[in-house]
Structure formats: structure tokens, C-alpha cells
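Worksheet for the structure shown next.
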Amino acid sequence: MQKTIGDIMNNRIERFLKYMESEGIKKAVILKKENINYFLGKYFMSFSVLVFEEQPYLYVGKLDKDYAEEHFNFLEIREFKSWEEIFKGCDGVEKELSIGYLKYIDKEYKIISDKIKEMRMIKDKEEIKLIKKAAEISDKAINWVLNNLDEVKNLTEYELVAEIEYIMKKHGSIKPAFDSIVVSGKKTSFPHALPTKDKIADILLVDIGAVYEGYCSDITRTFLLKDDEEMKKIYNLVYEAKKVAEEHLKEGISAKQIDNIVREFFNDYKELFIHSLGHGVGLEVHEEPRLSNKLKDDEDIILKEGMVVTIEPGLYLKDKFGVRIEDLYLVKKNGFEKLSKAEISEY
């Protein structure tokens with residue numbers, strides 16, 4: 001029999017309640033929206049607080065109580081009255097808790113964030129399904145750009161980003177997963193730059209993500225719009241680096257190790273690779289694990305089946321141009337499944 005969303009959420013809830021019991025935590029309060037949505041199984045945009053005692057309670061504002069009762073019927077819904085009520089007897093909080101809330105806590109407490117982070121790093125079947133859908137949506141936008149490059153060359157960056165975000169919205173994205181990076185020319189030499197009213201020219205970098213039912217995608221493509229040998233050389237080096245990473249991406253490799261492998265592949269160009277190789281994706285577009293050579297030994301993570309990560313090598317030539325190619329992957333025991341499937345241009 002197919003599991004309902006309530007069955008899936010109850011499994012997550014039971015795992016967290018067992019953790020609380022093992023740690024001697026009697027009452028945990030969760031305020032971070034992404035952590036709440038993890039236990040809800042759906043995107044809930046309104047104010048809410050999730051409280052775990054012997055069972056979980058979702059506190060919402062008066063305006064949202066009817067909606068919450070209809071959509072989250074596997075939880076008891078309560079109307080928010082006061083922070084004193086929420087935190088009374090609380091002994092488990094997130095590390096992100098603002099200092100202003102501490103005045104409501106009258107006993108020693110433990111940090112629960114590491115457990116939630118550990119749970120969220122390994123995606124279950126329902127999460128993978130939603131991430132795949134988000135990736136499918138951003139693929140549609142990337143493929144539109146690829147198939148309409150002649151038209152794109154006549155647009156400004158503002159006009160193109162509007163078209164891209166419209167396509168994603170039309171196909172079910174709640175919102176962009178982050179501020180869309182749609183830039184051309186010298187601005188591509190900055191890993192993170194915002195679109196402007198400039199006309200698209202020479203080289204185009206598109207880094208976008210969709211959000212479907214709260215779950216994110218992340219994909220980058222670079223398009224060469226003129227015949228330039230240096231651009232081709234750098235582009236193909238980045239493309240090959242991505243393939244090198246794919247050869248090593250599987251359960252058992254460490255986050256730091258796979259970054260270092262790509263950095264060494266770049267050889268004389270590795271100083272131009274100025275960011276980490278990738279990051280986890282789920283309810284947040286940037287979450288654990290980080291694939292970075294800067295991780296300390298106690299921060300390094302062994303990749304496991306069920307993790308969803310990006311691989312995004314890039315090289316950036318100051319005052320000239322930059323190239324980045326990024327895809328989204330589900331880690332498996334003996335390899336991976338590529339979740340983003342938009343075509344990659346070859347030059």
C-alpha cells in the first residue's frame with residue numbers, strides 16, 4: 001500500500017522523538033522555517049512554531065489555523081498565544097535561536113540542530129521526488145535559453161531573467177530558489193553577480209533554481225556567444241573538471257577529498273577556482289554537506305547514499321570572463337543519479 005504524506009511525516013517525527021528520549025529532552029522548540037517544513041512535508045509560508053513534547057504541536061496565527069488543520073491533519077494545530085507559553089519548560093532549541101528568546105527559557109537546554117541537520121542530509125523517497133520535480137522545472141528554463149540563443153542575444157539581462165523566472169513559475173515553482181544569476185560579458189568573472197539593464201553579449205552565465213513544494217533545485221550553464229579560443233579553452237577545462245568529479249562521486253568519498261581532486265585536475269589554473277566544488281540541496285539551496293577543501297578534519301563529511309549535492313566547478317579570469325557549469329546529483333552506493341538534465345553546450 002502506498003504511504004500517505006502523514007505516514008512519511010510520522011516516520012520523521014518518530015525518529016526525532018526517539019532522539020529526544022535518548023538525550024533526555026522533554027520539550028524542543030523549532031522556529032527555523034525549513035526545519036518546520038521538513039516535519040510538515042509541505043511548504044508553509046506563514047508564521048509557525050513546531051513544538052515537540054510527547055507528541056508534536058504546530059502553533060500558527062489565528063488567520064492560518066483553518067488552513068493548517070486542513071493540510072497538516074497528522075499534527076495537533078494550536079493557535080499561537082505567547083512566547084511564554086511556547087518556551088515554558090523548553091530544554092531543546094536550535095542553534096540559530098535569536099538571543100532575544102532566551103529570556104523565556106528558565107532551565108538548561110540542549111542544541112537540537114545537529115540532529116535535524118543529520119536527518120535532512122539523507123533524503124527519503126518523497127524528498128527525492130520533490131527535488132526531481134524542482135530540477136525538471138529549472139531544466140525547462142535552461143533549455144529555453146539554449147534553444148533560443150538568437151533571440152536571447154537581443155535581450156537585456158533584466159529581460160532574460162524575467163523570461164526565465166516566468167517559465168519556472170509557469171511550471172510550478174513557488175519562487176526562485178535564490179536571486180537568479182543571469183549575467184554576461186565581464187560580469188561572468190564574478191561568481192555571484194546580479195543582472196542589469198546591459199544587453200547580453202559575448203558570454204552568458206545562467207545560474208538558477210526552482211522551488212517545488214519547498215524543495216530546491218540548482219543548475220548553471222555558460223553559453224559562449226562569440227568565437228573566442230580562450231573562452232573555449234576555459235570552458236572545456238571546466239567541463240572536463242565536472243566529468244572528473246563525476247568519476248569520483250559516490251558513497252564513501254569525503255566532501256573535502258572530492259573538492260581536492262578537482263582542484264588538482266585544474267593544475268596551473270586552480271588559483272582561478274575560487275569557490276568550493278559544491279553543496280547540499282534540499283529545503284535550502286545551500287545546506288550540508290559542503291564539498292570544500294577548506295573543511296577542517298572534524299567538519300569533513302563522508303558522502304552517503306541519499307545525499308543530494310551540486311557539482312559546480314568554475315574558473316574566473318579577472319576583468320575578462322568566467323565559466324561555471326553545475327548540475328544536481330543524488331549520491332548512490334556505486335555512483336550517482338544526475339537530477340538536472342538540461343543539455344550542456346559543447347564548443
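Residue numbering: from 1, along the chain as shown.
Cβ atoms here come from the backbone N, Cα and C positions, even for glycine.
The shown structure was predicted, so the numbers you read here are calculated from the model rather than taken from an experiment.
Around ASP207 (Mn(2+) 2 binding site), the same-chain residues six or more apart in sequence whose CB sits under 8 Å from its CB are SER180, ILE181, VAL182, ASP218, ILE219, THR220, ARG324, GLU326, listed in sequence order. The annotation Mn(2+) 2 binding site is assigned in Swiss-Prot to ASP207, ASP218, GLU326.
The Mn(2+) 1 binding site annotation in Swiss-Prot covers ASP218, HIS279, GLU312, GLU326.
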Neighbour count (Cβ, 10 Å) for HIS279 (Mn(2+) 1 binding site): 22
For GLU312 (Mn(2+) 1 binding site): intrachain residues, at least 6 apart, with Cβ closer than 8 Å: ASP218, THR220, LYS242, HIS275, LEU277, GLY278, ARG324, ILE325, GLU326, ASP327
Sparsest-packed among the binding-site residues, when each Cβ's other Cβ atoms within 10 Å are tallied, from ASP218, GLU326: GLU326
Per DSSP, three-state class assigned to ASP207 (Mn(2+) 2 binding site): strand
